[in-house]
Amino acid sequence: MAMRTHYCGLVTQALMGQTVTLAGWVNRRRDHGGVIFIDLRDREGHVQVVCDPEREQMFKTAEGLRSEFCVQVTGLVRARPDGSSNDRIKSGQIEVLCHALNVLNPSVTPAFQIDEENLSETTRLTHRVLDLRRPYMQRNLMLRYKVAMQVRNFLDANGFIDIETPMLTKSTPEGARDYLVPSRVHDGQFFALPQSPQLFKQLLMVAGFDRYYQITKCFRDEDLRADRQPEFTQIDIETSFMQEQDIRDLFQDMIETVFRNTLGVDLGEFPVMTYQDATSRYGSDKPDLRVKLEFTELTGVMKDVDFKVFSGAAGMKGGRVVGLRVPGGARDAGGLSRGEIDAYTEFVKIYGAKGLAYIKVNARARGRDGLQSPIVKNLHDAALTEILARTGAQDGDLIFFGADKEKIVNDAIGALRTKIGHSEFGKKNGLFEERWAALWVVDFPMFEFDEQAQRYSAMHHPFTAPKDGHEDWMASAPEKCISKGYDMVLNGWEMGGGSVRIHRADVQQKVFDALQITPEEARLKFGFLLDALQYGAPPHGGMAFGLDRIVTLMTGAESIRDVIAFPKTQRAQCLLTQAPSPVDEKQLRELHIRLRNPDAAKAH
């Protein structure tokens, strides 16, 4: 006999008058006038079970129930009494009159009630098994499953083959740090956990599989943020014999299908924006287009002003000066307060800005006299006129300024733009539009200059193909080279990124030369790829999407940890299992490892 006939949350009026057997957990037990009510919960939801004292043995068992007891119930589905229905749940019109009650397993007192909301993340992650029983987490993980299934169905229908690639691979220290795995068999040598299956999926294209995908774990030993984990799940895809536009069209169709079939959402238009345009207008290569604020370019205007912060930035190599007009920010009633401006000043310092200059436009028609700011006296009339003209500022508006190296300005004022847009002020004043805002960012630079190392590094990775003809600039002017790279952005988050790959060994060698990777180093790190490219490698390209990020966006979760069953903390720890943890001396000896600071391991 089956342990249950139905899920709790799926018992509805359609089963009225039928006997059902349910299994789940006691969410609440309530005593009312000699009758016991049990809210029974499973992954599909709740159902109300009524225990009548007429069945003495069953009722006695019900009296001993506590929260989180695992029980089996057999009973009759009937309508709830008039006035007691609950429209918030699927089973809210019915209840189950209990005939038999079996305790499958009692529970100790839980660390918290499952429906408790104000829990610290430490408590939730330490008691993750209980946390995962909460309907919020169950919904998130069920949605994650549905997204993965939609992706698989779409790719299968389009001829993609699911192929696994190695988890123990070669360390290639480019970009983020690798997680290393010592080899017991090969003394002093290490595997690395993959940061991406990038090279293997390219090899699969050379091998002729034509269309590949996998939903796989990737690992990066980097500082964590709200949208990062040391291990994360990637929807990894590669295809041969497709142009860049065709690849983008295919994957846009995939994401549109996933959102439509799981959320019933139409993502609408996907505008295409160049990297240069995105960073120029929004200070970011993943702009949140729901925020209705844009940069105003002022570098040329500020070169001869007396305010050294502006003229210095405008005159330096790689410097930039921008304005950010905030409509209504200077109004006496409902504008930004002095405290808010001070808070924003501190905020931009996180991104390297030294301060945050501003001008309040009180009465534009009065010219200089209608402007309020400590910096106005250091700006000549022509500069002030140009600022007002370019920003389009009106009475009651406030203009923030960023002046520094271009990267600092873009990062600081770009983050400020997003913060203001998402603030209470921004939403009240129509600076934020509640919608799904997707776009493609294309034409990324091939290289970016690393000031510390004093050499170029790859913007995406060194296997990204340049725009046709741009390989000729790699030796003489690498900063001019544009790649066939592209990112899909949604609501200010990079959902996925990819590129057309280099499929010719001679072009790959030019990229290595531009990155100052010697032939010997290239052969040592990537010899297997260089060899493969010589065997008639096809034109190919692809993308990788962050499954964790997609589901986080869909659920509106505050943290990516809310859509992962067993995540790590921001200190890369698992509070449930207490990983990482010390290992015993015998294991270390087998791996030929001696700790340089054994006391540090004991201290943790």
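The backbone N, Cα and C atoms fix where each Cβ goes, glycine too.
Taken from Swiss-Prot, the feature site 'Important for tRNA non-discrimination' covers His32, Gly83. Annotation comment: Swiss-Prot describes Glu174, Arg220, His460, Arg501 as L-aspartate binding site, evidence class sequence analysis. Marked as region 'Aspartate' by Swiss-Prot: 198-201. Positions annotated as ATP binding site by Swiss-Prot: Arg220, Asp221, Glu222, Gln229, Glu494, Gly546, Leu547, Asp548, Arg549.
Under 8 Å, Cβ to Cβ, and six or more positions away along its own chain, Leu547 (ATP binding site) finds Arg144, Val147, Ala148, Val151, Ile215, Phe232, Thr233, Gln234, Ile235. Counted within 10 Å of its Cβ, the other Cβ atoms near Arg501 (L-aspartate binding site) come to 24, all protein chains included. Mean pLDDT, taken over the region 'Aspartate' (198-201), works out to 96 on the 0 to 100 scale. Here the Cα atom of His32 (site 'Important for tRNA non-discrimination') is found 16 Å from that of Gly83 (site 'Important for tRNA non-discrimination'). In terms of C-alpha distance, the listed recorded positions Gly83, His460, Arg501 place His460 closest to Glu222 (ATP binding site).
It is His32, among the recorded positions His32, Arg220, His460, Arg549, whose Cβ has the fewest other Cβ atoms within 10 Å in the structure shown. Broken down with DSSP, the region 'Aspartate' (198-201) shows 4 helix, 0 strand, 0 coil. Packing against the region 'Aspartate' (198-201) from elsewhere in the chain are residues 165-166, 169, 212, 236, 238, 461, 463, 526, 528-529, 542: each is 6 or more residues past its ends and has a CB under 8 Å from a CB in it. For Arg549 (ATP binding site), the nearest of the recorded positions by C-alpha distance turns out to be Arg220; the candidates were Gly83, Arg220, His460. Arg501 (L-aspartate binding site) falls within a strand segment according to DSSP. Sparsest Cβ environment among the recorded positions Gly83, Glu222, Glu494 (other Cβ atoms counted within 10 Å): Gly83.
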